[in-house]
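Listed in TrEMBL:
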{"type": "DOMAIN", "residues": "7-147", "note": "domain 'Lactate/malate dehydrogenase N-terminal'"}
{"type": "BINDING", "residues": "G12, S13, G14, F15, T16, G17, D36, N100, L123, T124, N125", "note": "NAD(+) binding site"}
{"type": "BINDING", "residues": "R87, R93, N125, R156", "note": "substrate binding site"}
{"type": "MOD_RES", "residues": "S149", "note": "phosphoserine"}
{"type": "DOMAIN", "residues": "152-309", "note": "domain 'Lactate/malate dehydrogenase C-terminal'"}
{"type": "ACT_SITE", "residues": "H180", "note": "active site, proton acceptor"}
Amino acid sequence: MVSIRKKISVIGSGFTGATTALMVAQKELGDVVLVDIPDMENPTKGRALDMAEAAPVQGFDARVTGTSDYGDTKDSDLVIITAGIARKPGMSRDDLVNTNAKIMKSVTKEIVKYSSDAIIVVLTNPVDAMTYTVYKASGFPRERVIGQSGVLDTARFRAFVAEELNISVKDITGFVLGGHGDDMVPLTRYSYAGGIPLEKLISSERLEEIVQRTRTGGGEIVNLLGNGSAYYAPAASLTVMAEAILKDQRRILPSIAYLDGEYGYQDIYLGVPTVLGGTGMEEIIELDLTDEEKKQLDKSADSVKKVIDILE
Ligand SMILES: NC(=O)C1=CN([C@@H]2O[C@H](COP(=O)(O)OP(=O)(O)OC[C@H]3O[C@@H](n4cnc5c(N)ncnc54)[C@H](O)[C@@H]3O)[C@@H](O)[C@H]2O)C=CC1
Ligand SMILES: O=C([O-])CC(=O)C(=O)O
């Protein structure tokens with residue numbers, strides 16, 4: 001019997017991978033295959049079995065299995081890559097580049113071999129450059145290879161604004177452009193609370209502090225955890241992207257997309273507003289930027305380009 005359920009493979013069964021597997025299963029987005037290296041096969045199987053045993057309690061219908069055999073990922077609709085090393089206090093995301101680029105290449109080879117029609121979402125850092133690596137290694141069209149940063153960065157901004165205003169997070173919208181580094185560009189001009197521009201509700205000095213906290217939000221968690229990086233909010237961000245794709249929602253969500261002239265950049269992956277639907281990244285939305293915003297975006301794009309250049 002051919003299953004009509006969607007199949008989602010999550011590569012890397014560490015903190016972000018395991019949490020993502022659980023969240024997508026809880027939302028019944030499809031059956032989940034959690035994959036790690038052979039040395040991690042038993043813990044990966046154990047985590048998956050533990051999740052499968054949560055299903056009757058929470059009442060979600062999704063099969064969750066663990067493996068180190070890519071054959072089990074065959075015909076995945078969506079592949080989420082979280083494999084690789086994470087940073088520790090004192091490190092930047094870019095310090096991970098050489099180790100994780102090798103992992104991206106080997107993982108992508110297996111994905112292409114077994115799921116040549118899949119859509120790939122990359123989380124592994126430095127994520128802009130790693131998404132570029134997966135794109136080049138896969139030979140897939142740009143619609144089917146994207147990265148996650150903007151949903152998370154925007155979520156951090158929204159959480160901080162909600163706390164500041166003592167207003168529900170549901171009413172806060174945010175907008176972050178650029179690379180997933182400390183020079184990302186949160187656009188307060190396009191951010192609202194219940195439809196009211198934030199600039200009308202928060203002083204410019206306080207808003208600037210919130211922007212700075214957003215930029216270094218990943219590092220704030222790294223310093224608190226001491227031995228790894230964030231995983232609950234990253235997994236939630238991947239889950240919302242997965243849902244938009246698997247349910248063909250055509251949501252406007254930021255994603256790391258391959259730019260071919262958009263925003264004035266060529267041959268680079270960068271965080272921009274996109275439409276996510278059944279075929280992946282279906283549109284890039286181009287906005288007018290002020291000179292100052294464009295200057296900040298140029299700086300962020302330069303940082304990403306430098307990391308990509310190391311790889312080439
Ligand atoms: N883009 C973003 O917004 C975010 C990115 N990240 C990044 O995600 C990555 C994963 O983070 P965590 O899950 O916290 O790390 P983790 O160390 O908990 O898990 C990584 C897993 O990848 C596995 N792995 C290593 N090589 C592999 C291979 N060749 N094939 C399959 N699995 C392999 C490891 O065995 C480990 O289980 C890191 O690079 C981190 O910086 C984390 C949070 C947010
Ligand atoms: O900060 C890190 O290394 C992990 C990450 O990308 C984030 O949490 O934004």
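Including glycine, each Cβ sits where the backbone N, Cα and C put it.
TrEMBL feature annotations superimposed on the structure.
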residue : record                       : CB count, 10 Å
G12     : NAD(+) binding site          : 26
T16     : NAD(+) binding site          : 28
D36     : NAD(+) binding site          : 24
R87     : substrate binding site       : 18
R93     : substrate binding site       : 25
L123    : NAD(+) binding site          : 29
N125    : NAD(+) binding site          : 25
S149    : phosphoserine                : 29
R156    : substrate binding site       : 24
H180    : active site, proton acceptor : 27
### Task
Return the maximum Cα to Cα distance in Å (whole number) over the record's NAD(+)-binding residues: G12, S13, G14, F15, T16, G17, D36, N100, L123, T124, N125.
17
#### Entry: Among G14, T16, R87, L123, N125, which are recorded as binding-site residues, the nearest neighbour of the residue listed as 'phosphoserine' by Cα
L123
### Query
Which recorded positions from the list N125, S149, R156 come close to ligand 1, meaning a Cβ under 6 Å from one of its atoms?
N125, S149
### Query
Does anything in the same chain, at least 6 positions from G14 (NAD(+) binding site), have a Cβ under 8 Å from its Cβ, and if so what?
D36, T82, A86
### Query
Among R87, R93, N125, R156, recorded substrate binders, what is the largest CA to CA distance in Å?
19
### Those binding-site residues of G12, R93, N125, R156 having Cα within 10 angstroms of the residue listed as 'active site, proton acceptor'
R93, N125
### Message
Around R87 (substrate binding site), which of the listed binding-site residues (G12, T16, L123, N125) come within 10 Å, judging by Cα atoms?
### Response
N125
### Query
So which of T16, R87, R93, S149, listed as recorded positions, have a Cβ under 6 Å from an atom of ligand 2?
R87, R93
### Query
Between L123 (NAD(+) binding site) and R93 (substrate binding site), what is the CA-CA distance rounded to a whole number of Å?
12
## Note on the structure
Within 10 Å of R93 (substrate binding site) (Cα basis), scanning binding-site residues G12, T16, N125, I find N125
### Message
Measuring Cα to Cα, how far is T16 (NAD(+) binding site) from R156 (substrate binding site) in Å?
### Response
17
### Task
Take the domain 'Lactate/malate dehydrogenase C-terminal' (152-309) and average the pLDDT across it for me.
97
### Query
Distance between N125 (NAD(+) binding site) and R156 (substrate binding site) at the Cα atoms, whole Å?
18
### Task
Could you state the whole-number distance in Å separating the C-alpha atoms of R156 (substrate binding site) and G12 (NAD(+) binding site)?
24
